[in-house]
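Database features (TrEMBL):
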type	residues	note
TRANSMEM	12-29	transmembrane segment
TRANSMEM	185-214	transmembrane segment
TRANSMEM	234-254	transmembrane segment
TRANSMEM	283-302	transmembrane segment
TRANSMEM	308-329	transmembrane segment
TRANSMEM	360-382	transmembrane segment
TRANSMEM	864-883	transmembrane segment
TRANSMEM	890-911	transmembrane segment
DOMAIN	895-1022	domain 'SSD'
TRANSMEM	926-945	transmembrane segment
TRANSMEM	965-987	transmembrane segment
TRANSMEM	993-1016	transmembrane segment
Amino acid sequence: MGKFVKNHVGSLIAWIAIVVIALFMMPNINTLTREHATITLPKDSQSQIANSIQKKWGYGQGNTYQVVAVFNNGNHKMSASDKQNVQDVVNKLKNNKQKYGIKSITAPNDNSATKAQLISKDKTTQLVQIMVSKKHGTVKKINHELTTAVKAHGVKSYITGSDILNDDFSAAIQEGIKKTEVISIIFIFIVLVLVFRSPIVPLVSLLSVGVSFLTSLSIVTNLVEKFNFPFSNFTQVFMVIVLFGIGTDYNILLYNQFKDELSRGLSNWEATRRARKEAGKTILYSGSSVLIGFSALGLAKFSIYQSAIGVAVGVAVLLIVLLTLNPFFMATMGKKMFWPSKNFDGEGQSKLWHRLSSNATIHPIISLAIVLILLMPFYFMFNSKLNYDDTDEISNSVASKQGFLVVQDHFSKGTAEPSTIYIKSNHRLDNEKDLKAIDEITRKLQQDPSVKTVASVTQPGGTKVKKLYVTNQLGTVNSGLKSAQTGLGKLSTGSSQMTTGLNQLSAGSQQLVNGVSQLTSELNSQLSGSNASQIAQLESGLPQINSGIQQLNTALQNSGTSVDTSALTSELTNVGSQAKVIGNNLTQAGNTLSGLSSTDTSGAASQIISTANSNGANLTAQQQAILSQVISAAMTQQSQTLENKLTSVANNIKAAGSADQSLASSMQSVSGSASSLQSMLSQLTTLKSQVSELATASNTALPGAATALKQLTNGLTQVQSALGSSQTGLTQINTGINKLASESPQMTTGINKVNSGLGEGGSYLKGLSNSAASDTYYVPKSILHGKSYKPAVKTYLSEDKKSAKITIVLNTNPSDSVATNKARSLANLARKNLKGTDLKNATVAMGGQSSTLADTKSIASQDFIRTAAIMLIGITLALIFVTRSLLQPLYIIGTLMLAYMTSLSITHWLVKLVMGKDMLAWNTPFFSFIMLIALGVDYSIFLMMKYREFGRDNMMPSKRMVKSASIIGTVVISAAIILSGTFAALIPSGVPTLIEVAMAVIIGLVILVFIIPVIIPSTIRLTYPVKSGFQDAEEKEDQKHRNK
């Protein structure tokens, strides 16, 4: 049982069980890296606020990956068939959305706005924006499916986007880790073989470090999976480098001590115990400093800095493994562990460190001056500009990177990764007032020279929609006003001409009134005086004439040859003459009345218009038609009744006249027959026949004549009444025309005033349209809620209409320093322009690559300083405990900082010379710092622990330092070589950040190897002068222990 304990078999069994459990419980690292390796920024940073708004955008766009399909025909324009092939791919994607997990697709041919944004100006390249649900699968799966799906005949196709690029970067890191692990193991094995001249020691060392790595990696990944422990793409790779690097260094220190103890003839168990005690103390002190340094990163705010705390977990496990598992191999194997080597003389001395430390103690000031002279120029050459473009981390041979470069070549460099300003309000934004404010911001952003295009809900195509701006709308109004002015001018002229025509019409209407009045007088005269008496006599005489004729006929028929016809002849002649006169008068009166009834009012209007034109009015056809209608309407209403009555009376009078004329003819014929009767008694028979015919005619004509005379009397009475009414109506017409003529000048004046007002309004509006005030956005409600405006609203306003976004494409690479600085200024510009509007309290945040990098730059810089200070304070406290001095920790920290700044400057120069890059990757300074400081402090602790160890011999400080440096120099150089080789294994990874960190750490370690034996001894020599009676506080303390 004692042997079991002495050989530490329990430790072996325990670690075997722990490793088995660790391997069994270890999650899938690749999946874990993809899910948790994304750099997260504080929630109050601008890009994270923007991301938060985007996640709640609606339309099914939340929880999605943003992917871009790139179709390119090299440097040649796409043919019609190429375009159709691309469209066929788009159609296939749209028809198989569920198969590929697609939530939305925006293609070039969707509308005019997408054509302008997604087709390159040289017509060689087209882009298709795809939103894929995260529930569909991993980015790797989505990338693989879409890469296959978008292949189009005749053109090259790529799948790219920030999510795809980040996933490819993670994949590159994982491939780099695999290479690093293999190279590190091979390198460490070779170095250890060279150091110990044995193949067994390297295997034991690699086994113990491997156990610590697997165990700590399982712990870290389980913490990440279950508790969201800080993790990044760099966590695993740095765990590999640090654990295998310092683990091997510590093993060298432990194995050298064990070898030294064996050389003294101690047993395996005792040599193991003493080696673990002596070297273990140094390992714990050194490891504790490293542990404190990496643990301090847990206080960082930046996720990628926090992720390095996984290394602290690894270091803690490493220290436990080295001091528990190594003793099993040491106690069990003893000297066999170093087989086939037979040399157990202990530690050798480093001639380099001995020479450097000796000169430093002899000429401390000169030595320090030489170091400063050699290194300070590199310090002042340091270039603080860093490259924040993460796409540079990906090889150009990767398909997503190739697609990204194609977009940059054929579009604006910012097209592949546009910036987006989000505006979140507490009310809906789909109203004219808020849209106007958004448009003003859009136009302000467009004025920035570094901006290529700006698209928003008011300018979805990146350019103004002219019909929605006041200046365009005023142009239409001004055109209408100009036409109105021209029309009013013509109307004013026509109104003046109409005034003249109305005056003439007034005169003509007065003449018409006078004519009707005269006709009335004439008719009245016809109905009074002799005409009336004659008509009355004729009316009363006609029956007597008829009676006489009948008597004559009877007498003739009954008589013989003696007939007295003198009285009858005289009476017939008299009646016939009177009837003829009356008949003529009635016929004339009927004709006159017929002429009055057929009078055409349009003729009167035509006469008035003709008179007006002859007087210089020059009325247009339109004005003549209007005037004719006015006159005709006025006359027709009053004269229509008169016309009807005059026509009826005229017809009656004409009939009566015809009857009287016929009667007169008959009377004259009878009179003639009577006169001849006396001389033609012989023809009595013939006369009897004629008289009989006359009697028959008299019975027919004379009663009709009597009736006609009665109708004449009644008709003339009606004519008289109608003429009275007509005269009254014509008088009213004349009065109305006179009134219209008097008011026409006022109408002309009013028209002129209106025209003048329109002229002034037109001048004002014209001036307004030419001013900056007219360049204002205004969208009518009919358009705002119309079909044509809907796509812009859906794209640039959130589903609840309370958030808006403005997409910005920069002229420069969105990842360079110009773009990151511009992202902040553009966001501030948007906030400034919202002041004084209803959106003054709205949340404004900039999203996109440039904004993310701007936040990264700001937070990384601030957190770097903060974290570095915490780390240095922690290490300083550890050094104070180790060295039991206040000054020595400051010398050590100063040495490390000088090495760090120098190595960073040299690295920058080499990167530019070898890799052709003007700037270091943005995270190179930080990782180089924590690695170089945390690991470099080990070598100082190695030296100071050996320095304390020799204090027991009561040596002077300077001599102790030279001896310590000579002995520990071998270990430090070996450790530096191994650590440098381990970091050198990062170079084949092909990841620029890892390559730069490796170069910086290697250069820093080389510098430390040369300046530690110079600076530390020099400062010790200056701090503790050579005096025979002088002993530092540590020597006195050690002396007290010896005295006891």
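Placed from the backbone N, Cα and C atoms, the Cβ positions cover glycine too.
TrEMBL labels come from automatic prediction, so no person has curated them.
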Recorded stretches the transmembrane segment (360-382) and the transmembrane segment (926-945) touching, at least 3 CB pairs under 8 Å: no
Beyond the flanks of the transmembrane segment (12-29) by at least 6 residues, Cβ under 8 Å: 174, 211, 214-215, 217-219, 221-222, 224-225, 236, 321, 324-325, 328
Counts of helix, strand and coil residues, the domain 'SSD' (895-1022), according to DSSP: 113 helix, 2 strand, 13 coil
Dominant neighbour of the transmembrane segment (283-302) in 185-214, 234-254, 864-883, by Cβ pairs under 8 Å: 864-883
Spatial neighbours of the transmembrane segment (864-883) far in sequence, C-beta under 8 Å, 6+ residues away: 285, 288-289, 292-293, 295-297, 299-302, 305, 889-890, 892-893, 925-926, 929-930, 933-934, 937, 940-941, 944-945, 948
Reported mean pLDDT - the domain 'SSD' (895-1022): 88
